[in-house]
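Below: the structure, in structure tokens.
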Amino acid sequence: MGSNAPPPPTPHVVLVPFPGQGHVAPLMQLARLLHARGARVTFVYTQYNYRRLLRAKGEAAVRPPATSSARFRIEVIDDGLSLSVPQNDVGGLVDSLRKNCLHPFRALLRRLGQEVEGQDAPPVTCVVGDVVMTFAAAAAREAGIPEVQFFTASACGLLGYLHYGELVERGLVPFRDASLLADDDYLDTPLEWVPGMSHMRLRDMPTFCRTTDPDDVMVSATLQQMESAAGSKALILNTLYELEKDVVDALAAFFPPIYTVGPLAEVIASSDSASAGLAAMDISIWQEDTRCLSWLDGKPAGSVVYVNFGSMAVMTAAQAREFALGLASCGSPFLWVKRPDVVEGEEVLLPEALLDEVARGRGLVVPWCPQAAVLKHAAVGLFVSHCGWNSLLEATAAGQPVLAWPCHGEQTTNCRQLCEVWGNGAQLPREVESGAVARLVREMMVGDLGKEKRAKAAEWKAAAEAAARKGGASWRNVERVVNDLLLVGGKQ
């Protein structure tokens, strides 16, 4: 006799990214996987990010494709932020989010629950919050909704943040006085006690700990984030286990079950069950200049230096000039992604030497580009990067060596691992000088240093491909996360 039990309700997963492109992208990738497996997905923007997208791209950027709208919706919650707040003011963003978002997110969860009554709409079965968005976990726990958390940066960055408390206990943070912020001896303090990263120095820890304020917003927020993540049902990391094995193993002693699913974009590319409709969702406030791809088509294999410092990093006019002069004299063709707001407070005029290279067809400067496609283009032979995690994952998947110029946050931690552990990159001096830029670019493009780094980059590319393909380690973890965790309400 057949069972008369009703079918299980459709899973309804709410995803809450931090309002930054590097955070939104992996959560949207996860949304694609969930949507393709039949889940209803609610993707939550804060007003700040939503308004920035509207201003830059129009309503089409935040409207789900018609083919996906039945089970995919965008919701927006207030965050107390003005559009005048620069996106690189991470402390200001984080402080406003944690002060202002809990109440509106609570209200959203209540409303989503009330919509179920009398309608064919499933209740919320799981909340996936960015680790930075601690209010999402708090509201879910209050409502009795299972929740898991997604850390969108590197595992080594997470381990660095996890040890902020230890830095405070050992008297290293806050810095005793402002002079220590630039004291090389102090910044070189060894941190052999960090498990899985015994080669770390104080300067390699995520930079938000560099403060003299005992009540610093970013330090206190980080401590709160780590406590919240430790209490979650599970933790998703967009990393390659083989790349960060020692670090992930060290994290396992502090956090709930960890699922390494990276590079998530590559897992999606090898998956036959990622929502194609949601691939059209635009998450960038910058318009991609695709003419760079045809420009690359005309360059020899491995000849082009690709330069991009991400969606948030900024530099001074003097630093931009030194980079420009270094690229102009490096001897290789270059593609430089120079955002309109990459220079702090002023528009910088590019030097004649660089403009001459552009006029001769040996250089191209664009405001934004389809980075994953650029990195995989046969003409590209080097990536000059800020060491943001999404950029490094894309470089790993493309097998590109990296010349690093880390700017803030865990980029310094990523850089140390890149140079000392993974072996597929080298570092530029923090004080940018055109001669050093040109010299290091040449060494990476045609010297023995570059040969060594390219060989290691090729090894990591193969490892990433193996993990992401069907049956690989990251592919299997994605299947576990989606099918065994998120689609059944975060139960284990």
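Along the chain as shown, the residues are counted starting at 1.
Even glycines carry a Cβ here, placed using N, Cα and C.
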- In Swiss-Prot, UDP-alpha-D-glucose binding by T152, H386, W389, N390, S391, E394, E410, Q411 extends, among Q371, Q417, to Q371
- Does DSSP give N308 (UDP binding site) helix, strand or coil? strand
- Task: Calculate the distance in Å between the alpha carbons (Cα) of H23 (active site, proton acceptor) and T152 (UDP-alpha-D-glucose binding site), and round it to a whole number.
- Result: 6
- Query: Rounded to an integer, what is the Cα-Cα distance in Å between N308 (UDP binding site) and T152 (UDP-alpha-D-glucose binding site)?
  - Reply: 19
- How long is the line from the C-alpha of Q225 ((S)-4-hydroxymandelonitrile binding site) to the C-alpha of C369 (UDP binding site), rounded to the nearest angstrom? 32
- Query: When the Cα-Cα distance from D130 (active site, charge relay) is computed for each of the binding-site residues W368, C369, N390, which gives the smallest value?
  - Reply: N390
- Message: Cβ within 8 Å of the UDP site centroid (N308, S311, W368, C369, H386, N390, S391, E394 excluded): which residues?
- Response: F309, G310, V337, Q371, S385, G388
- For Q411 (UDP-alpha-D-glucose binding site) and S391 (UDP binding site), what Cα-Cα distance in Å is obtained after rounding to a whole number? 11
